[in-house]
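I have placed the structure first, in the form of structure tokens, so that the comments after it can refer back to it.
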Amino acid sequence: MKGHCSFLAVFALLALASILGTSAYDPSPLQDTCVAINDPKTGIFVNGKFCKDPKFVTADDFFFSGLDIPRDTSSPVGSVVTPVNVDQIPGLNTMGISLVRIDYAPYAGLNPPHTHPRATEILVVLEGTLYVGFVTSNPDNRLVSKVLYPGDVFVFPIGLIHFQQNVGKTNAVAFASLSSQNPGVITIPNAVFGSNPPINPDVLTRAFQLDNNVVKYLQTRFGWKNN
């Protein structure tokens, strides 16, 4: 079973990289590489990051290890996201692609409703059973959802609110590729009820048609991270 999952993971990741690499949302690079560095004195500002001099580029600039390691899912929502973007692999700068591993606890572990403002996401399930979906924009706000099993693939369109929940009795694992080196993530409950500084409760009371005290309570409950 482990060998089957490993083969599936490699196949899926190669497929995802090929698909998204040809239709990346980020601007196309104008050079072979633009390995990200943090020192503006020694680089050029391109696509959000300074570029390392190509003469000093090494294999480690394009390498990350550890996505085979299960993560701790004891967060309040029962999931953890391990990102592999330009912050983890500097060589992804200007390449328009990134990757995440998502671990879900048994019995309803949830990657809560969120959106990626700069990327489409394509997800493949390696282990477990996931209920996934996204909601279309106004005025329809239509839910598009499906239950996924190992080997199944699902796409979340750019900018739309989406989620995944483990509906099985065992741990679940998924990998996803995103069409940006830095897709960003806005977790809806955290953004609305856990903003810093807090949104005026009167605004949320009217928007959600809730009692003001309920809104104030919710504002004390959010602010955690699962990545």
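Cβ from N, Cα, C; glycine included.
Database features, via TrEMBL:
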type	residues	note
BINDING	N111, H116, E121	oxalate binding site
BINDING	H114, H116, E121, H162	Mn(2+) binding site
DISULFID	C34-C51	disulfide bond
DOMAIN	65-216	domain 'Cupin type-1'
SIGNAL	1-24	signal peptide
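Excluding H114, H116, E121, H162, which define the Mn(2+) site, the same chain contributes T115, A119, F134, F156, L160, I161, L178, P183, V185 within 8 Å (Cβ to the Cβ centroid), listed in sequence order. Only H162, of the recorded positions C34, C51, H162, have a C-alpha within 10 angstroms of the C-alpha of H116 (oxalate binding site). For H116 (oxalate binding site), other Cβ atoms within 10 Å of its Cβ number 24. Listed disulfide-bonded residues: C34, C51; maximum Cβ neighbour count within 10 Å falls on C34. Put simply, N111 (oxalate binding site) is 32 Å from C34 (disulfide bond) when counted between their Cα atoms. It is 9 Å from the Cα atom of H162 (Mn(2+) binding site) to that of N111 (oxalate binding site). Within 8 Å of the centroid of the Cβ atoms of N111, H116, E121, where the record puts oxalate, the same chain has further Cβ atoms from V100, H114, T115, A119, L123, F156, H162, A176, L178, P183, V185.
Summarised as a single figure, the pLDDT of the domain 'Cupin type-1' (65-216) averages 96. When the Cα atoms are compared, N111 (oxalate binding site) and C51 (disulfide bond) turn out to be 33 Å apart.
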